[in-house]
Amino acid sequence: MGFLSPMHPCRPPTQRRMAAGNHSTVTEFILKGLTKRADLQLPLFLLFLGIYLVTIVGNLGMITLICLNSQLHTPMYYFLSNLSLMDLCYSSVITPKMLVNFVSEKNIISYAGCMSQLYFFLVFVIAECYMLTVMAYDRYVAICHPLLYNIIMSHHTCLLLVAVVYAIGLIGSTIETGLMLKLPYCEHLISHYFCDILPLMKLSCSSTYDVEMTVFFSAGFNIIVTSLTVLVSYTFILSSILGISTTEGRSKAFSTCSSHLAAVGMFYGSTAFMYLKPSTISSLTQENVASVFYTTVIPMLNPLIYSLRNKEVKAAVQKTLRGKLF
């Protein structure tokens, strides 16, 4: 996602310039993967294959369910269907290649393939960051301004918000991937299981300071804008919920937001651990665990989180199943 700390260690510029003068063009990279232990390759393959299958079924199921049931044709579920699409897409950018690597002797990825993986991963992760923010704003309008909800969150507004979210993802990814394309690489072993910015930057044989600072401020803008919007939205939401006189009303209002809060907490928590810290604080194993969590586990969990406590989704599932069975 590009939340890169400027404290990230790199080789001195003099050493990098010396290397840059002698390096040959890298045409492919080798992904180190999650582990070198041969006895763990098959169990990990089966584990992540299961996670990926659940991710596909869950997110495609959520999108299909929302499309087939007219009672779910509301702004909240329109945004949720796009969130499911993003989860499905960025998981599909990472997981299939990771599964192949578990059963391959050499985890090779071409230069073009690596940069393409980075580009599309960033598109959907940055877009998801802003989509969660849009969903927080939607809940704010629904709870704090219920009488104006249909006017504020009109069909045109929803389409515009989603278009802006994808545009931000495309622009952010283009900038960050473009910076990575300009770097010369003289090493080919990526200490990670996919092509991410931090591991790739370590392979450059020129100074990465300008790239680091550009990516850091770009990512800083993204995370500050989105996190502040979510924080402000839920501050007003909590204030409105506490002002509801009936216990039933408070419970219903809070239940509509609890799922989103859980998704926001998991996503921002894991990405912040990965990118908003000096790399010396955590080990490679800890970074891999955090990275696996937000690239593979969160896309699997989001459909479950939004459906388990949602009466409308449960009712839509029952209606769809009855329609198929009878």
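Any Cβ shown, glycine's included, is placed from N, Cα and C.
What Swiss-Prot records for 1-45 (among others) is topological domain 'Extracellular'.
What Swiss-Prot lists as N-linked glycosylation site is Asn22, and the listing cites sequence analysis.
Summarising the annotation, Swiss-Prot assigns transmembrane segment to 46-66 (among others) and lists sequence analysis as the type of evidence.
Annotation source Swiss-Prot lists topological domain 'Cytoplasmic' at 67-77 (among others), citing sequence analysis. Per-residue pLDDT, averaged over the topological domain 'Cytoplasmic' (67-77), rounds to 90.
The feature transmembrane segment is assigned by Swiss-Prot to 78-100 (among others), with sequence analysis given as support.
Under DSSP, residues within the topological domain 'Extracellular' (101-116) fall into helix, strand and coil as 8 helix, 3 strand, 5 coil. The topological domain 'Extracellular' annotation in Swiss-Prot covers 101-116 (among others), and the record cites sequence analysis as its basis.
Within 10 Å of the Cβ of Cys114 (disulfide bond) there are 24 other Cβ atoms, across all protein chains. Sequence annotations record features per position, and here Swiss-Prot assigns disulfide bond to Cys114-Cys195 based on sequence analysis.
The transmembrane segment annotation in Swiss-Prot covers 117-137 (among others). Tertiary proximity for the transmembrane segment (117-137) is limited to same-chain residues at least six positions away from its ends with a CB under 8 Å from its CB atoms, namely 1-2, 76, 79-80, 82-83, 86-87, 89-90, 93-94, 97, 109, 161-162, 164-166, 168-170, 172-174, 176-177, 180, 194-197, 200, 222-223, 225-226, 229-230, 233-234, 260, 263-264, 267, 271, 295.
Helix, strand and coil counts from DSSP across the topological domain 'Cytoplasmic' (138-150) read 12 helix, 0 strand, 1 coil. Positions annotated as topological domain 'Cytoplasmic' by Swiss-Prot, on the basis of sequence analysis: 138-150 (among others).
Residues or ranges marked as transmembrane segment by Swiss-Prot on the basis of sequence analysis: 151-171 (among others).
Under the heading topological domain 'Extracellular', Swiss-Prot lists 172-222 (among others).
If you look up Swiss-Prot, you'll see 223-243 (among others) marked as transmembrane segment, on the strength of sequence analysis.
The annotation topological domain 'Cytoplasmic' is assigned in Swiss-Prot to 244-260 (among others).
Among the features that Swiss-Prot reports, transmembrane segment is placed at 261-281 (among others), with the record citing sequence analysis.
Residues or ranges marked as topological domain 'Extracellular' by Swiss-Prot on the basis of sequence analysis: 282-287 (among others).
Within the chain carrying the transmembrane segment (288-308), a Cβ under 8 angstroms from the stretch's Cβ atoms is held by residues 34, 48, 51-52, 54-55, 58-59, 61-62, 80, 83-84, 87-88, 90-91, 94-95, 98, 121, 192-194, 196, 259-260, 262-263, 266-267, 270-271, 273-274, 282, 314, 317, all 6 or more beyond its ends. The feature transmembrane segment is assigned by Swiss-Prot to 288-308 (among others), with sequence analysis given as support.
Using DSSP to sort the residues of the topological domain 'Extracellular' (172-222) gives these counts of helix, strand and coil: 30 helix, 4 strand, 17 coil. Here the transmembrane segment (78-100) has long-range neighbours at 31, 33-34, 45, 48-49, 51-52, 55-56, 58-60, 62-63, 66-67, 109, 117, 120-121, 123-125, 127-128, 131-132, 134-135, 138, 158, 161-162, 165, 193-194, 263, 295-296, 298-300, 302-303, 306, meaning same-chain residues at least 6 beyond its ends whose C-beta is under 8 angstroms from one of its own. Remote same-chain partners of the topological domain 'Extracellular' (101-116), defined as residues 6 or more beyond its termini with a Cβ less than 8 Å from a stretch Cβ, comprise 26-33, 41-42, 44-45, 48, 177, 180-181, 190, 193, 195, 200. Tertiary neighbourhood of the topological domain 'Cytoplasmic' (138-150): same-chain residues 75-76, 79, 233-234, 236-237, 240-241, 253, 256-257, 260, selected by CB-CB distance under 8 Å and a gap of 6+ residues from either end.
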